[in-house]
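Presented below is the structure to which this report refers.
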Amino acid sequence: MYGNANAIVATVFCLIICEYSADSDVAASEVRALRCAVANSTVSDDLKNVEECSSGDTNSDISPHCYVVFRNNSQTDTLEVTFRGCWTNDAPDCIGHARLSEEKAACQARSMGNSFFLFCCCIGDMCNRDFEPLPPIPDTPLNASLNAGRAPDNGAYTYSKTLIYVLAPTIGLVAIVLLSFLGQLNRRKCLLARQTVGSAERSFPCPVGTPMLPLENVTLIEQAAQGSSGTVWRGQYNNSPVAVKISPAGERQSWLNEEKIYRSNHMQHANILRFVGVGQQLDSQTNLMEYWLLTSWHDMGSLYDYLRFNTVTCSQILQLSDSIAKGVMHLHTDVVAGKYDDYKPAMAHRDLKSRNIIMKNDRTACIADFGLAIVFEPGAQVGNTHCQVGTRRYMSPEVLEGAISFDREAFQRIDMYAVALILWEILSRNRDCDPCPTYRLPFEEIVGLHPSMGDMQEVVVNQKQRPFIKDTWRGEKSLSVFITTLEECWDSDADARLSASTMHERLQSLISQQAAGVIPRDEHEMTDEKGQ
């Protein structure tokens, strides 16, 4: 780094010297000829190269002089010459001190933008062959008064120009770095503001780092689902399969929130639906804006779609449920910033249901639809505008009552209640326990397909009912702990519910025990293995 700085300073100094040398060539005659040793980037410093120079002004009482630019190499403790040559410009401070000795250079440090370089001048033939560094001579009152009465000389002008040449690029570079840093900081503030539900800034798109997708590259193939917040299509983007969620103008806030959740740090997870991008365009029929959100496409559809037409084994129940628990655990957990990683705040989904769980080809699941998700920033207060949201069927008792605490733990316990209902849906399609019942949503036999808020309050809060669990399910050794786990998660006492991480630990233990033969594996899986 120092070598580059030295080279820059030396080059600038050489350019300035060349400029003054060119100016001196204009002189009509040469008087007071003086011989000086020469050394520069093209002439080696062997003390044999000599040039003759003069003041170029017959009326001047100032003789030409020789100069040398050198630096003190602290590593080798030697003086290294960079330039030698003639100096024909007015530099009275240098010449005045040089007259102390005409046989030896009188050196004085100059402000060259780098303290390693010293500029020295002297009077006398070849006087710049031998030199020694002298400390700067302080300004005496006499010198100060003389200098104050003089017009600015060429030497002072030279040093000012040198400072400008050296400092200007440095200041420019610092400004670029600073502007880049401020831009990144502004972008992060913008992203965090839009991640926080209820923020007044959330409705404004961030100007940096959030580009819209070119929707002309998106092809809609067929409608896959219709919901209250939009329509989901199977499509293609740049010849790759994608799911395209198109939301109407009234769902803009939900679209913005979901985009920002997906763009948060560390949201690339096996059990979180993969985000592709967003776009927006005018609907030609309504002349209103449509908001598009693209994610990865999975042929098996939602967990709701899958369970309607498929049954599962005990082993598949554990694996599928654990993948959901891992996705929720990742969402609920904050990731501390490391040396190479950014901070991820804890979140809550607030609308977990089987329609918002996507099935992957390996029969594990990933979590989708973050339009109502909330972010918990350290030290930030959660507003009281987030009470009764989500799907009524999956609302916890405290949400139905409107009696929740507005903190991180409270919102995450609400999520865990919904997870318990989802796990019950999976359990209800267990084909190892005959006969396997027809698929039903939680509480469907009691409140039907379109329950009101009053219906759910009566059943869940007043009657404290929960989805029915058959005795045959409890009799399965591999499912008894599983059933206990989901029952603890739908407890009326929110504080008694398990966390997602505890649920994951229990399910992992059951999966390990089943693999080790401690608890029996289901008959269907063993039959399939024998047939292979």
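Each position is counted from 1, following the chain as shown.
Backbone N, Cα and C define each Cβ position, glycine as well.
No curator has checked TrEMBL annotations; they are predicted automatically.
Since we're looking at a predicted model, the values are computed, not measured.
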Second cysteine of the disulfide that TrEMBL assigns to C122, among C107, C127: C127
Least Cβ-crowded entry, counting other Cβ within 10 Å, from the disulfide-bonded residues listed as C36, C53, C127: C53
Minimum Cα separation from C36 (disulfide bond), reported as the residue among recorded positions C122, C127, K245, D351 that achieves it: C127
C-beta crowding around C122 (disulfide bond), within 10 angstroms: 29
Residue from C53, K245, D351 whose C-alpha is spatially nearest that of C127 (disulfide bond), among the recorded positions: C53
For D351 (active site, proton acceptor), the one of C53, C122, K245 that lies nearest, given that the recorded positions are compared by Cα: K245
Nearest-integer angstrom distance between the alpha carbons (Cα) of K245 (ATP binding site) and C122 (disulfide bond): 81
